[in-house]
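Asker: Structure incoming, see below.
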Amino acid sequence: MNDKKLYISDVTLRDGMHAIRHQYSLENVRQVAKALDDARVDSIEVAHGDGLQGSSFNYGFGAHSDLEWIEAAADVVKHAKIATLLLPGIGTIHDLKNAWQAGARVVRVATHCTEADVSAQHIQYARELGMDTVGFLMMSHMTTPENLAKQAKLMEGYGATCIYVVDSGGAMNMSDIRDRFRALKAVLKPETQTGIHAHHNLSLGVANSIAAVEEGCDRIDASLAGMGAGAGNAPLEVFIAAADKLGWQHGTDLYALMDAADDLVRPLQDRPVRVDRETLALGYAGVYSSFLRHCETAAARYGLSAVDILVELGKRRMVGGQEDMIVDVALDLRNNK
């Protein structure tokens, strides 16, 4: 690792939405965004957990609109860029333009790891707007490193200047991460950046992020207190402490991040964001982390174990966007009891 500065991308106000069913108040957003900005992170992602226009029956309704959340963050931020997430098929280019007008300057266009071809229009439009445009390959554990690299190359061709390996299921280990970054680096242009988005379901969020940086990764997603889907993301303050120990340049204030994690974020959790029986099952079965709260609801409704539902979803290789299948699986399990 040379002396390059890592790009620290906070996702507390987007992935963290999943942990509290998309119920951040505008004041929560202002407080967290200001604390992150004061700690000098590079970008702060703000949106419904499932991206622009994710507020819906399928994914869960948000306490506010994406634009209200983005405007609230943009109002208090002086240093960091406001980022947002867009999943083609949920959000449109019109939603992206509205987000840009509200203050978003970075967009991560997210697709399933084998479906990069649906991102062309959105990536091209983001570039036309002048946004920092990132390709985000979700559930990256579900395809081979070589296939992932081909998908990354497509996104690069559409205009993305950074491509992310996204461990949405928190299912990968350090070797899996290394293999994918080596495959991406072998085909992407030298100037195209790479990023890592880890989940902590196997307690490897920080270790996987470190492995990614050792393979040349430029941008690291993390969240305060790990606030995110499943067992959460790589905890930002923990990653920064580890990076500091390694002598890496990150430009952030560790103690300010520690304070924000414990004083602002942990008190908001109505269900602890941690590795436990259910979230470990997510990582072990390779299931989309944001299925957690939906599965727990279905388990309570139908008198089942959430772990049984999660394991069955893993066997059926369900992916993000198939939240409606959780109830189907629960009914199948109940009927087969």
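Glycine is no exception: its Cβ is also placed from the backbone N, Cα and C atoms.
Sharing the features that Swiss-Prot gives for it:
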{"type": "ACT_SITE", "residues": "His18", "note": "active site, proton acceptor"}
{"type": "BINDING", "residues": "Arg14, Asp15, Ser168, His197, Tyr288", "note": "substrate binding site"}
{"type": "BINDING", "residues": "Asp15, His197, His199", "note": "Mn(2+) binding site"}
{"type": "DOMAIN", "residues": "6-258", "note": "domain 'Pyruvate carboxyltransferase'"}
{"type": "SITE", "residues": "Arg14", "note": "site 'Transition state stabilizer'"}
Asker: Within the same chain, and leaving aside Asp15, His197, His199, name every residue whose CB is within 8 angstroms of the centroid of the CB atoms belonging to the recorded Mn(2+) site, in sequence order.
Answerer: Val11, Val166, Asp167, Ser168, Gly170, Ala198, Gly205, Asp221, Ser223, Gly228, Ala229, Gly232, Asn233, Ala234, Ser289
Asker: For the C-alpha pair, I'd like the distance in angstrom between Tyr288 (substrate binding site) and His18 (active site, proton acceptor), rounded off.
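Answerer: Given the Cα positions, Tyr288 (substrate binding site) is 12 Å from His18 (active site, proton acceptor).
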Asker: Would you list, in sequence order, the residues of this chain other than Arg14, Asp15, Ser168, His197, Tyr288 that have their CB within 8 A of the centroid of the site's CB atoms, where the site is the one recorded for substrate?
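Answerer: Leaving out the recorded residues gives Val11, His18, Gly49, Met138, Val166, His199, Gly228, Ala229, Asn233, Ser289, Ser290.
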Asker: What's the CA to CA span in angstrom from His199 (Mn(2+) binding site) over to Ser168 (substrate binding site)?
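Answerer: Here the two Cα atoms are 6 Å apart.
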Asker: Could you find out if DSSP has His18 (active site, proton acceptor) as helix, strand or coil?
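Answerer: Helix, per DSSP.
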Asker: Could you give the maximum C-alpha to C-alpha distance in Å for the residues Arg14, Asp15, Ser168, His197, Tyr288 that bind substrate per the record?
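Answerer: Maximum Cα-Cα distance: 15 Å.
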Asker: Taking every residue in the domain 'Pyruvate carboxyltransferase' (6-258), what is their average pLDDT?
Answerer: 97
